[in-house]
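The next block holds one structure in the form of structure tokens; read it before the comments.
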């Protein structure tokens, strides 16, 4: 089961890299950023598609998108001098709270109990 969480982590990391490279491509010369964006976002969807084999789709997608937005925003501030207003901080805080609630509200499906037949009476 852990491999699927690792795949989800890879999906998140490649989504962050792909989205940041989109911004990098828009402010720099050449096509390197666009190529990196295409490769990373493609890999992100591939990793996500494998992760949802064992992780609930709603949970996987919420984590993928939510954690992606959080880190893309933080890296955009650090790398591209974008602003981080109080309203953005409040939104990110709400996002993190939502991710925690979605993850904590997910239960594993119970395995069906085996019926024991002690013989016909």
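Backbone N, Cα and C atoms are what each Cβ position is placed from, and that goes for glycine too.
The transmembrane segment annotation in Swiss-Prot covers 2-22 (among others). With a threshold of 8 Å between CB atoms, the same-chain residues lying at least 6 positions outside the transmembrane segment (2-22) that come near it are 33-34, 36-41, 43-48, 50-51, 53-55, 60, 63-64, 67-68, 71-72, 75-76, 79.
Taken residue by residue, the topological domain 'Periplasmic' (23-31) breaks down under DSSP into 5 helix, 0 strand, 4 coil. Marked as topological domain 'Periplasmic' by Swiss-Prot on the basis of sequence analysis: 23-31 (among others).
Annotation source Swiss-Prot lists transmembrane segment at 32-52 (among others), citing sequence analysis. Only residues 6 or more beyond the boundaries of the transmembrane segment (32-52), in the same chain, are considered here, and those with a CB under 8 A from a CB of the stretch are 4-5, 7-8, 10-12, 14-15, 17-19, 21-22, 24-26, 60-61, 64.
Beyond the transmembrane segment (55-75), the same-chain residues lying 6 or more positions past its ends with a Cβ under 8 Å from any Cβ of the stretch are 4-5, 8, 11-12, 15-16, 19-20, 44, 48, 82, 84, 88, 92, 95-96, 98-99, 102-103, 106. Here Swiss-Prot flags 55-75 (among others) as transmembrane segment.
What Swiss-Prot records for 76-81 (among others) is topological domain 'Periplasmic', and it gives sequence analysis as the kind of evidence. Sequence-distant contacts of the topological domain 'Periplasmic' (76-81), counting only residues of its own chain at least 6 positions beyond either end whose CB sits under 8 Å from a CB of the stretch, comprise 20, 23-24, 27.
Feature annotation from Swiss-Prot assigns transmembrane segment to 82-102 (among others).
Per-residue confidence over the topological domain 'Cytoplasmic' (103-121) averages 63 (mean pLDDT, predicted model). Feature annotation from Swiss-Prot assigns topological domain 'Cytoplasmic' to 103-121.
Residues 37, 76, 79-80 of the same chain, all 6+ positions outside the topological domain 'Periplasmic' (23-31), place their C-beta atoms under 8 angstroms from a C-beta of that stretch.
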